[in-house]
Amino acid sequence: MYLSRFLSIHALWVTVSSVMQPYPLVWGHYDVCKTQIYTEEGKVWDYMACQPESTDMTKYLKVKLDPPDITCGDPPETFCAMGNPYMCNNECDASTPELAHPPELMFDFEGRHPSTFWQSATWKEYPKPLQVNITLSWSKTIELTDNIVITFESGRPDQMILEKSLDYGRTWQPYQYYATDCLDAFHMDPKSVKDLSQHTVLEIICTEEYSTGYMTNSKIIHFEIKDRFAFFAGPWLRNMASLYGQLDTTKKLRDFFTVTDLRIRLLRPAVGEIFVDELHLARYFYAISDIKVHGRCKCNLHATVCVYDNSKLTCECEHNTTGPDCGKCKKNYQGRPWSPGSYLPIPKGTANTCIPSISSIGTNVCDNELLHCQNGGTCHNNVRCLCPAAYTGILCEKLRCEESGSCGSDSGQGAPSRGSPALLLPLAALLGTAGPLAI
């Protein structure tokens, strides 16, 4: 009886665990750039693709509002309660901390009661549009790894655009449109991410899912990163072969999840009705209590550490690379063109290290520290690499068949195998972790 009861409880626990833990418990992280291994020649460095862990990127941003005087409280003004739009005796006063609602309250710790939030001035100048641009800047290229989540303390806006920049705010592209009526607001048919596919994942859509009135459970707006990953990795983000391959080979897909800046364009506050109540304009405003942006520094798979110093994020580059994003080879290490690291083959990826320039190589062509022979080559008296038959180059870094242009299925010297898709690790190897279910 006891055994039967134990087995029943165990079966129940397994079922509950499978529901509550849809993602695998053990994930790789590409969190090591190199490690020492022992060979017949002694200790040598083994290089691999690496990246910083995913984290809360709001800790490192700068926020800018346009117009700059749009925040409520200077001069003090009254506004209507969220739950009762006709009880208009709440006050916003920038000179009184308890009554002030500055922009930094969009990024402070949530969970306290009452909640803290930024708030705009009310729509007292109606019919002139009440519009606000909120720009989030990192002065660094970052890769998004989880949904962007905006929590409104007021009703969600009737019209809003989320935009991104890849060039530090010089140019902008829309990420997603939000409206109560997409056709009327933006001349676009309403869609949701579920209407997309692998082939249309980069399509810019307008959604009506997140634009409804004053209900307390209707305060959150998402930009769905994970749902877009799932088009390649499957509904539980377990089958990573396709996503790894696409991110490695498709620049447009990689760039889609990469930003230097985000801009939230609030175009029309939550009205909740067809017509604006001109007798109670103090009920119309924007208020945001929290913005979540999870990602990592883009280091091109050449660093595991991103340092925040003097209000600036910088990759601590490995693999003889340098630059804010590890985007070029160091001086005297330009023996071949710079290349980003690769997630493939699993589990180490390919480091694509920068190798010494011929002009910078002295008597030590190779050694067992930094200038190690690649692809199974061995270092002979520190003066040359003894390469396997299929490889050539100073450090055995090139396929011999590439020089003659004979690489192919019949040459026997094709590129090294990428490995079986069945061996691929789950998504956090690509994306790190940002909480129990974050990617």
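Cβ coordinates are placed from backbone N, Cα and C, and glycine is handled just like the others.
Annotations in TrEMBL come from automatic prediction, not curation.
The feature disulfide bond is assigned by TrEMBL to Cys387-Cys396. Feature annotation from TrEMBL assigns domain 'Laminin N-terminal' to 46-296. The annotation domain 'EGF-like' is assigned in TrEMBL to 362-397. According to TrEMBL, the feature signal peptide maps to 1-28.
Averaged across the domain 'EGF-like' (362-397), pLDDT for the predicted model comes to 80.
Around Cys387 (disulfide bond), the C-beta neighbours below 8 angstroms that are at least 6 residues distant in the chain are Cys373, Asn375, Gly376, Gly377, Gly393, Cys396. The Cβ of Cys396 (disulfide bond) has 23 other Cβ atoms within 10 Å, all protein chains considered. Sorting each residue of the domain 'EGF-like' (362-397) by its DSSP state yields 0 helix, 8 strand, 28 coil.
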